[in-house]
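J.: Relevant sequence annotations retrieved from Swiss-Prot are reproduced here:
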BINDING   S12, S21, F22, S23  FMN binding site
Amino acid sequence: MKIQKVLVIKSSMTENLPSGSFSSALSDKFMEYYRKENPIDKIIELNLNDQKDLISLSSQNFNTFFTDGVSDKYIDQLKSVDKVVISSPMTNFNYTALLKNYLDRILVANKTFSYKYSKKGEAIGLLPHLKVQILTTQGAPLGWYTWGDHTKNLEGTFEFIGAKVAKSVVMDGLKTPQYSSLKAPEALDLFDKVIKTAAENF
């Protein structure tokens with residue numbers, strides 16, 4: 001059996017709060033089940049909170065943003081792994097700013113996608129070897145904000161660069177009366193079957 005390299009990306013900014021992070025807890029639970037099924041796989045953890053070079057794209061750095069070597073570092077990492085597990089809470093109807101900065105670094109023409117040789121003008125993803133699992137959390141019920149679906153956004157983004165995206169795991173409704181009093185471990189119990197099934201199939 002081939003050893004798979006798995007990159008686990010966390011993007012929550014609330015890990016250090018007393019309440020903790022639901023999305024990071026979801027990632028940890030998913031990986032707990034994944035490790036049981038795949039004990040020899042190599043796990044690489046990337047917490048975006050610790051990456052000081054993931055600064056926002058602005059007029060101050062636009063001219064050098066894609067040529068300063070930072071994008072290549074993260075793109076090369078993606079090229080070196082077989083699977084990616086990425087987690088994010090919903091923040092203001094989107095994924096986190098940390099994750100936005102990361103995506104700005106890896107979405108680079110002719111490195112992760114290309115329009116060259118495209119017959120109909122559509123993009124060709126350059127990372128078809130990747131298998132991606134998206135794990136998200138949100139306070140609102142699924143589909144509540146029709147204009148802000150961070151899960152679908154992430155699915156489309158990774159499909160755009162050629163990755164095979166597994167069915168996402170979404171812990172939704174966490175701010176509704178049914179779940180709002182629960183801490184992360186209790187909420188995870190309610191979604192446990194979905195998480196376990198996804199991990200076993202990834």
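Cβ atoms here come from the backbone N, Cα and C positions, even for glycine.
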J.: Let me check the 10 A CB neighbour count of S12 (FMN binding site). How many other CB atoms are there?
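T.: I count 26 other Cβ atoms within 10 Å of it.
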J.: What same-chain residues, at least 6 away in sequence, bring their CB to under 8 Å of the CB of F22 (FMN binding site)?
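T.: In sequence order, S12, P89, T137, M171, L174, A184, A187 meet the Cβ cut-off.
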J.: Neighbour count first, Cβ atoms within 10 Å, every protein chain included; then name which of S21, S23 tops the list of binding-site residues.
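T.: That would be S23, with the most Cβ atoms nearby.
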